[in-house]
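Chemist: I have a structure here, written as structure tokens, and I will follow up with some questions on it.
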Amino acid sequence: MEIALNSGFKMPVIGLGVWRMEGKDIKDLLFNAIKIGYRHFDCAADYKNEAEVGEALAEAFQTGLVKREDLFITTKLWNSDHGHVVEACKDSLKELQLDYLDLYLVHFPIATRHTGVGATASALGDDDVLDIDTTIPLETTWHAMEDLVSMGLVRSIGISNYDVFLTRDCLAYAKVKPAVNQIETHPYFQRDSLVKFCQKHGICVTAHTPLGGAVANTEWFGSVSCLDDPVLKGLAEKYKKTVAQIVLRWGIQRNTVVIPKSSKLERLEENFHVFNFELAKEDMDLIKTMDRKYRTNQPAKFWGMDLYA
């Protein structure tokens, strides 16, 4: 249930993403998730709920529900804080009420106009297009991330939403290799070349949006989820599992970490129970034929430009 990172630490192969979780629901969700067995929680400054997550974690520790060392907590550097990495990390630690992070990621490979540490609204210009800061190279950002490790604020550092080229560049200038690249990947967007490149070079791939976004991305971006695909429904019947369980098991058997998001108790339980079966090789091969190169998470909706273009 854990994967070894190049930093020497271990990361649970399934976690709970807290994107779009409302403050009032977070405590119950985290407590229920911990009781089910989740030990890995994926946060971000941009999710605007670090304070609520921090309150829930503090109570979980105080009541003895779980110990700090039993959990793996990730959060992320927002685009507008590339020139303020240490301050941004310390701000997240304060919000989360933690002494250290297990993993800190560069959320997107783009620096935007600084709007103040803790402020994560998209930095748009008068033309409603993202204000990109062309004075801060990703190399500078990465070396500041490395400082966090030597300062003891962060155990592992990584990247998110980096393609093959940017990942390769990061390896070229890194003194501390990225431990993780968190990317969108699911049966409709398999990104086999990127996954292979990262794994070949000792970088763990974490799949955000591992279920293809489901209802959340349909609401925000109008995208289609793979959970309705008849091939996956057929496999769910074959293994007597849900479609989501089939997709998560596929992700785990690719040696990726999966962080599905759910706010429903029955889904939390369902998503976690994927260790009592294994997909046969022919079914892994079948899912491999489903790739549509179809991205469901499209921040261009908010940024006035497509950074993936």
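Any Cβ shown, glycine's included, is placed from N, Cα and C.
Annotations for this protein, taken from TrEMBL, read as follows:
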ACT_SITE  Tyr47  active site, proton donor
BINDING   His107  substrate binding site
DOMAIN    14-290  domain 'NADP-dependent oxidoreductase'
SITE      Lys76  site 'Lowers pKa of active site Tyr'
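Have a look at these and tell me how they're positioned relative to everything else.
Modeler: Cβ-based neighbour count (10 Å, all protein chains) for His107 (substrate binding site) stands at 21.
Under a cutoff of 8 A between CB atoms, and with a sequence separation of 6+ in the same chain, the neighbours of Lys76 (site 'Lowers pKa of active site Tyr') are Cys43, Ala44, Ala45, Asp46, Tyr104, Leu105, Val106, His107, Ser160.
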Chemist: With Cβ-Cβ distance below 8 Å and at least 6 positions apart along the chain, what are the contacts of Tyr47 (active site, proton donor)? List them in sequence order.
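Modeler: Looking at Cβ-Cβ distances below 8 Å from Tyr47 (active site, proton donor), excluding near sequence neighbours, one finds Val18, Trp19, Arg20, Met21.
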